[in-house]
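Participant: Pulled from TrEMBL, these are the listed features:
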COMPBIAS  564-575  compositional bias 'Low complexity'
COMPBIAS  576-597  compositional bias 'Basic residues'
COMPBIAS  645-655  compositional bias 'Polar residues'
COMPBIAS  675-686  compositional bias 'Polar residues'
DOMAIN    45-80  domain 'FCS-type'
REGION    1-31  region 'Disordered'
REGION    560-655  region 'Disordered'
REGION    674-694  region 'Disordered'
REPEAT    143-247  repeat 'MBT'
REPEAT    255-351  repeat 'MBT'
REPEAT    353-458  repeat 'MBT'
REPEAT    466-562  repeat 'MBT'
Amino acid sequence: MFDGYDSCSEDTSSSSSSEESEEEVAPLPSNLPIIKNNGQVYTYPDGKSGMATCEMCGMVGVRDAFYSKTKRFCSVSCSRSYSSNSKKASILARLQVTGKPPTKKAKVLQKQPLVAKLAAYAQYQATLQNQAKTKAAVSMEGFSWGNYINSNSFIAAPVTCFKHAPMGTCWGDISENVRVEVPNTDCSLPTKVFWIAGIVKLAGYNALLRYEGFENDPGLDFWCNVCGSDIHPVGWCAASGKPLVPPRTIQHKYTNWKAFLVKRLTGAKTLPPDFSQKVSESMQYPFKPCMRVEVVDKRHLCRTRVAVVESVIGGRLRLVYEESEDRTDDFWCHMHSPLIHHIGWSRSIGHRFKRSDITKKQDGHFDTPPHLFAKVKEVDQSGEWFKEGMKLEAIDPLNLSTICVATIRKVLADGFLMIGIDGSEAADGSDWFCYHATSPSIFPVGFCEINMIELTPPRGYTKLPFKWFDYLRETGSIAAPVKLFNKDVPNHGFRVGMKLEAVDLMEPRLICVATVTRIIHRLLRIHFDGWEEEYDQWVDCESPDLYPVGWCQLTGYQLQPPASQSSRESQSGSSKQKKKAKSQQYKGHKKKRKMPVGKKPVSLSSLPMTGGVRRSFSGDEELTPPPYRTLPAQTAPEAFPPPSTSREFSPSLKTVTTLQLKEELIDGEDYNFLQGASDQESNGSANFYIKQEP
């Protein structure tokens, strides 16, 4: 395999064949690949010359440099070997002891001088240059995941935690010590050459690689995206006619590199042969530009609007509202987001819908097929079910760091519910939001207390600490039955402290460097690195708004690095103005929810999920919300201090005993509220946080 290695080394004293040394050749530009064969010199300057493939070893090269008039073989030896069916040399082509006979397409590098392989790289190099021109590098202001993880000894969430991400369901056994073939950057040759490296550490899609031969020396270790175009399984170079050249730093360490590689690679793991094909297939997305969907109205969460897919990046959709003339009124979400639905979904379940002023579809626009949207779990609403006025706990879609006291305001079809945050609702119900009954963002009464999460009481509620028993009695309400909530807890694999890339759901076009700081069964507390805890967000473990480390680099999406201290101070300085502006936009709301500075009051939290059968219902923004119980008269919100943002659990909150809840809650039914598991023990599908006794 490495018979031609000496001719490519920096030592210019390496010799060629006697025939080549006797032939006088005119000087050629140094940047052109050269092939010397039987005393003839050929150049391959532009990647467009006639190519040929050797029928014996499968090597690809310039047709004129091939042997015989028919140009079927790259050399005399291949021609003779083909005739005698002698293919022993192809055993080394794969560099793996598989016990399988070599295929006809196996490339046998040791048959050819290494310089004869350089022509095949010109086309590859030209392709890379064209790709570089058409795809600009994603700027992250100097941020590097590799340096960030190495300098702080961080651990990243594995790719298998993200089923919606590329390769999330077929990552396989990719782990440390897996061998791959990568470009050799420690080389002064004018063409691109490769060498074998092993994975030292994995961080999402990114792998810390070390060239074979460096043993325990990390001097040339480097980070690379495993799904990138420059990483290949062992044997790819042999199959593609690419040279394996040891790094310059260690090229004199061994005299027999072939024996070294055979010894090191025997029994070693490598990437599957079809790995790149699987990566490509997993990055094919069914949503296309010009498709029409129904999506939540970012200015009025209680209704949906028609939007058109403008672009698709890594499965994330940039949606432009259909009425936007300048196409700047947009909304970002993932194609599996519960916020988007097929045309006609709102009418089918009885959800509010803003009719478009555009009466006719624009040319080229077409409705997205319903089967492309995420499906929801079917529920039986014929028996005991949610009712208007029932109380529960829910993640506030306008302040995702809080779980609040909430009320079911309307029961829609197919298991969907309209929910409002107590003490914060607009008079016209314009800030109600839609959750499915199986949504992981709604919880039974007592969930926060059991799992030691701070529950945000209604704005203006004076009897603090908040007690569910007293509140239900004062409002004449009942709690939603525990058995109606989603109890599934998947074995998601997340751990506290793991790094990932997460969508800022208050500004959904942004994806930021983030950390998992708490795990409550399937609920994750996501912290954005460099920002205060008040900007944290509660997110479900299966949310399509979470991605592995390296996802942005793989898809070409812009990653927001951790906020610097100066940017945080600048943002904090304008906090009051931002809150005032938000208050004016949501005129009529009873509270001013704390918002990340400089961000829109829009959320991509787990709202409604798709599904539904068409029913006769026509809704628009003029619909009047149904009547519901009102809270006791309250003093202006400003007269009371805002809810505490401290994450410290208040012992006094635990005075709401289980017996009190059992006496007054769900129509006399007995429920046993189990103590929640710790952050480290809450990952699993065996138990749920609340169990209903028979």
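Every residue, even glycine, has its Cβ placed from backbone N, Cα and C.
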Participant: Mean pLDDT, the repeat 'MBT' (466-562)?
Facilitator: 95
Participant: Please spell out the DSSP helix, strand and coil residue counts for the repeat 'MBT' (255-351).
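Facilitator: Breakdown, helix to coil: 22 helix, 35 strand, 40 coil.
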Participant: Take the repeat 'MBT' (143-247) and count its residues per DSSP category (helix H/G/I, strand E/B, coil), listing them in that order.
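Facilitator: DSSP classes over the repeat 'MBT' (143-247) add up to 16 helix, 30 strand, 59 coil.
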